[in-house]
């Protein structure tokens, strides 16, 4: 049998899709609601299963809750957990709601989530409204028992798939891609199911061939979980091993050590807090089966042979928590390297390097180390101010941005400051911050951005605004500096960002390295469309 590495090699089966910013692209953005500032996160998925005899001694519902708390940065609108007590369970235990994880999952609600296996989700709406009906995981009842699905990403061909579903008389109760996924998974695969029992790997493979981008999925049956990552590897997903309580979890994963359970998560940042050891990422196109006997890789769905892997580069720039691991490297280290590269490309004479907290901290430290200019905090963040993008006018949004920060006057007065941030989207935030620093006595404020200009929308699960709303499409760096009151403003180049991201990737094969830079370059992983795949019913 081929090794996983051999099976990861590209093949020739091509699927194309539409990524043009036509009426469909525009409507996808309108559906996202009234978000009026900055990048918004996508979603986080999490699953956990106990090993050995069930019921397990592990508190699976509590482990999933803590896992979702660690993924809270990926979505703050709603959250849900679904658990099952085993093969004989007729129904799943479900708790879902709007709001933050800690508010939804109280001691009382966690007690309702009995079981030895479960999945969870924390959500920021991308393709559907922020309403309770769209909370995940989605649960459907099939002829073979209940099925639950949690999804991170956005199906780039969801509109054509949705039309075909509706044309075949299947009703959909929401606008969520995730409900569409559950309906597709209930289909018989093209090769059929001769035994009459569902062939879930074949069904999953069929779905992945119909929809190549973009998703990480956890799918729960009554006694197992399937963890799936799209063939391009656009969205992150990784595995963790729960070890007995007194065993050390540092260092590389030892396959010989027995596991109390297994977890799968969008990011590894919460593993230490639940006693889990990082194992590895789910490979692009891989289908992982998780049961009480352990985990195993059961299939790889390939992308077309001329297409590279396309992991979202903005996970490194902005979305992921700094202690998460992607491609064998910690996100903090990549952001540090981005700051160093930024200092190489755009040096400036100054007295202090600082950051817009907390998003620019790692890159600012990198800039400081490379430039030799000392780092100092110049802004104090008020964590109890509401979110600025929900304010009803641009004037109020700008005033609230200023209220989020206080200037440390003793570190600012009479100083030339380099202020580092991770990105600029609409440009509403940086102007009030510069004004604040200059009012506190800064004589110069030079802005350095640790990513290239953001110029294109995303169709793969990140709420990046339309091109018309992105400030980089209206002004170059010199014009923007004048507009926001900076003495200079410069971006990291795309080549510099890619160099920083790939500087310490733990792989010997360049064929396994590839990043989606569509929001920065306009080059989308699947290319231009030819036709949408046909969904057979």
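The backbone N, Cα and C atoms fix where each Cβ goes, and this holds for glycine too.
Per TrEMBL, the feature domain 'Glutamine amidotransferase type-2' maps to 43-293. In this model, the domain 'Glutamine amidotransferase type-2' (43-293) carries an average pLDDT of 89.
Annotation comment: TrEMBL describes 43 as active site, nucleophile.
Annotated [4Fe-4S] cluster binding site per TrEMBL: 312, 458, 516, 519, in sequence order. Cβ neighbour count for residue 458 ([4Fe-4S] cluster binding site) (all protein chains, 10 Å cutoff from its Cβ): 23.
Counted within 10 Å of its Cβ, the other Cβ atoms near residue 359 (Mg(2+) binding site) come to 20, all protein chains included. Summarising the annotation, TrEMBL assigns Mg(2+) binding site to 359, 421, 422.
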Return the member of 43, 421, 422 nearest to residue 519 ([4Fe-4S] cluster binding site) in space, with distance defined Cα to Cα and candidates limited to these recorded positions. 422
Give me the Cα-Cα distance between residue 516 ([4Fe-4S] cluster binding site) and residue 422 (Mg(2+) binding site), rounded to a whole Å. 17
Determine, to the nearest whole angstrom, how far the Cα atom of residue 422 (Mg(2+) binding site) is from the Cα atom of residue 312 ([4Fe-4S] cluster binding site). 15
For residue 421 (Mg(2+) binding site), what residues in its own chain, 6 or more apart in sequence, show a Cβ-Cβ distance under 8 Å? 355, 356, 359, 360, 363, 430, 447, 448, 449, 450
